[in-house]
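S.K.: Sharing a structure with you now.
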Amino acid sequence: MKLVIVESPAKAKTINKYLGDEFKVIASFGHIRDLPSKKGSVLPDKNFLMEYDISDKAGKYVDAIVKEARKAEVVYLATDPDREGESISWHVAEVIKEKNKVESDDFFKRVAFNEITKKAIMNAVANPRKLDTNLVNAQQARRALDYLVGFTLSPLLWRKLPGCKSAGRVQSVALRLICDREDEIERFKSEEYWDISLKMQNSNNDLFTAKLTHVNDQKLKKFSIINEKEAKDLTQKLKLQKFYVEKIEKKQQKRQPQPPFITSSLQQEAARKLGFSAKKTMQIAQKLYEGVDIGKETIGLITYMRTDGVTLSNDAIADIRKLIDKNYGNQYLPIKPRIYQSKVKNAQEAHEAIRPTNITYTPDSLKQKLEKDYYKLYELIWHRTIACQMENVIMDLVIANLASENKEYLAKANGSIIAFDGFYKVYRESLDDEDEEDNKMLPPLKEQEHIKTKEVIPNKHFTEPPPRYSEASLVKKLEELGIGRPSTYASILSVLQDRKYVALEKKRFIPEELGRLVTVFLVGFFKKYVEYDFTAGLENELDEIAAGKLEWKTALNNFWRGFNHNIESVNEQKITEIINYLQKALDYHLFGEDKESKVCPSCKTGQLSLKLGKFGAFLACSNYPECTFKKSIVSGNDNNEDEGDPSTILNDNKILGTDQDGVEIYLKKGPYGPYIQLGEQCGKVKPKRTPVPANLKQSEITLEIALKLLNLPLKIGIHKDSGEEIIIGYSKFGPYIKYMCKFISVPKKYDFLNLSLNDAMKLIQNNKAKLEKKYG
């Protein structure tokens, strides 16, 4: 009997049908050995000896493997074709050697395949190799590094930062990215700027829109027009001008398809198009790879899903091109196959890109046979694979340059149309921030043609801070920096959320206070080890180990020597030194720029400062013990809060920007929650204030939103039937419409700050209908 060992029962079931009766396929159910979660599992003083244990969960599977191996003439190790798969095979072989007293390595044959198809399996079995010790050592080095960081840094965190749960070699760097972005957002000061749009009409009475680009030969920049007065003055001048078409430019633009999916791009696109988390994407992809039941049989539908290679096999390309020619026509088929090269930092490119194993299994043919989410992901992979070998999209672009008759003002109008849809026929890549109009057409225009200015529209804008990371954009950033590996991204994001270091709100990552504390501590006392370049450099070293260019224990020794010295140094630091550093580093985040926000809300004379207690970090009054005010700054850690009003702590008290008169607008916190304030209090004259609606998070409040809130109640418009005003406002009961002395609540599904006149009239009509139904 020939024994074949794979990781999962699903994979075993699929492979078993391709091999004859002389083979027996069994599963290891993942890793059978690992480093136990205790001190001493990796021993630097003993040349980094690693003490592996068989887990209780894996015990029964190991017994079965050992028992079957005793009957076998040969053992085929058929785990996944990457470092982790190589490592699992090595552990299986080591356990069999130990338990069955096997001395010869010839008893084991390593078989690797990129897809679970009969052709790939039979070819792998016919061409076995030996275990690749370089790949095994690279995986052992990664595991040792992660252990050494986790099991030396985490206990130090527990002592120095009570309440913090863990630190990890890669997770801490990903957390720093999220926290650094939040710092940028908090310190960002929104600035006002304007641009001018002109609604124009050609000689055929066709309307189009242009944008003012030059005034008196000076090109307008973003901040050329910075306030309403300047915008209105310019608007009045433009209304007096007559424009004509000075020049028309026409050109073609070609758009090339994106490469086939790699792990990171699949996670990003599944997040954007399907709303899947990275974890969910990988779970479904794993099932599609290992084999799913499609009615008549169980087959592996996609190639291996942990890869950073963008190449496709020659056979796959030939099949794809054949299908394109048959289904879409020769005009969609390039003369030559497209060959892609990876742009990923540290790409290993050992495997093909992610593609269907059989391109003739179209999504439509499988729609009734796959679970809904399995179908969605397969459809995404299939379309991307087809598109990557299709012709370019061709865009016809038209640019109309307009000039005033006195040449003082220039404007520009752009139009585009898809001349040939190319790969758009089957697939378009999504973007995090899409702002693309492929079919914004201009009406027919001729050079020197005089055109009418129907309307001049000044547009007010505010600069916005960089957006928070989504799962897709964070994976992309990690990939760009060379941090982590395709197989690790999903687990990194999950761990950060499980540890309560970050929250995912509206599909964007927001750091929790606990996460910010950990990051500030690590940046202050372990800066080298959370630097992006250093972490990427370690990935390079692991690649060199895998390639046989670097001895793995040399790499571990180089890392450990400096890291252990850092640990010992921080262990000796006094807790007061750490608190003082944290206080200084978190000062802006906790209190903003307003010195008053540090005043104790209980005694009114003491100053709030950061303290560390057994339940975590908290703010306390400097007048202790006379004043015992305390407030936890970590959500869920309110054990140390016994006096004072917690809602009065000013954790978010910052300047959002200024209004058109230059008066500063603040976001503050008071006894009844957060509120917006216009200017400072002058004597007994209180500044204008307005509460922040309960459905708005403080982190979402921008200058633009604050200005809208301060302007409430606000006239939306005139009711077309009655001629009466419709007013939008906000009270302690929530947003409302005021119409003919009646107050009508605005449901949560509406964005009341941007409520349209039509929606307001619908709400008025619905309210009227309800009253008529109720009272007759």
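Using the three backbone atoms N, Cα and C, a Cβ is placed for every residue, glycine included.
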S.K.: Which stretch does Swiss-Prot mark as region 'Interaction with DNA', out of 166-171, 310-315, 340-345, 766-771?
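M.R.: Checked against Swiss-Prot: region 'Interaction with DNA' maps to 166-171.
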S.K.: Under Swiss-Prot, which of the candidate ranges 544-571, 600-627, 712-739 is annotated zinc finger?
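M.R.: Going through 544-571, 600-627, 712-739 one by one, Swiss-Prot gives zinc finger for 600-627.
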S.K.: Around Arg499 (site 'Interaction with DNA'), which residues of its chain at least 6 apart sit with Cβ under 8 Å of its Cβ?
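M.R.: Within the chain, Arg499 (site 'Interaction with DNA') has Cβ neighbours under 8 Å at Lys165, Ser166, Leu514, Gly515.
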S.K.: For Arg306 (site 'Interaction with DNA'), just count the other CB atoms lying within 10 A of its CB, please.
M.R.: 23
S.K.: Identify, among the recorded positions Trp158, Tyr304, the residue whose Cβ has the fewest other Cβ atoms within 10 Å in this structure.
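M.R.: Across Trp158, Tyr304, these recorded positions, the one with fewest Cβ atoms within 10 Å is Trp158.
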S.K.: Looking at the recorded positions Glu7, His31, Asp80, Arg142, Trp158, which ones sit with their CA no more than 10 Å from the CA of Tyr304 (active site, O-(5'-phospho-DNA)-tyrosine intermediate)?
M.R.: Asp80
S.K.: Taking helix as H, G and I and strand as E and B in DSSP, count the residues of the region 'Interaction with DNA' (166-171) in helix, strand and coil.
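M.R.: Result for the region 'Interaction with DNA' (166-171), in helix, strand, coil order: 1 helix, 0 strand, 5 coil.
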S.K.: Mind tallying the zinc finger (600-627) by DSSP state, helix then strand then coil?
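M.R.: Going through the zinc finger (600-627) residue by residue, I get 0 helix, 13 strand, 15 coil.
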S.K.: Taking only the residues in the zinc finger (600-627), give me the average pLDDT of this model.
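M.R.: Across the residues of the zinc finger (600-627) the model's pLDDT averages 85 on the 0 to 100 scale.
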S.K.: Are there any residues in the same chain, six or more apart in sequence, whose C-beta is under 8 angstroms from the C-beta of Asp146 (site 'Interaction with DNA'), and if so which?
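M.R.: For Asp146 (site 'Interaction with DNA'), the qualifying residues are Gly168, Arg169, Val170.
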S.K.: Which of Glu7, Asp80 has the fewest nearby Cβ atoms, counting only those within 10 Å, among these binding-site residues?
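M.R.: Checked Glu7, Asp80; of these binding-site residues, fewest Cβ neighbours within 10 Å: Glu7.
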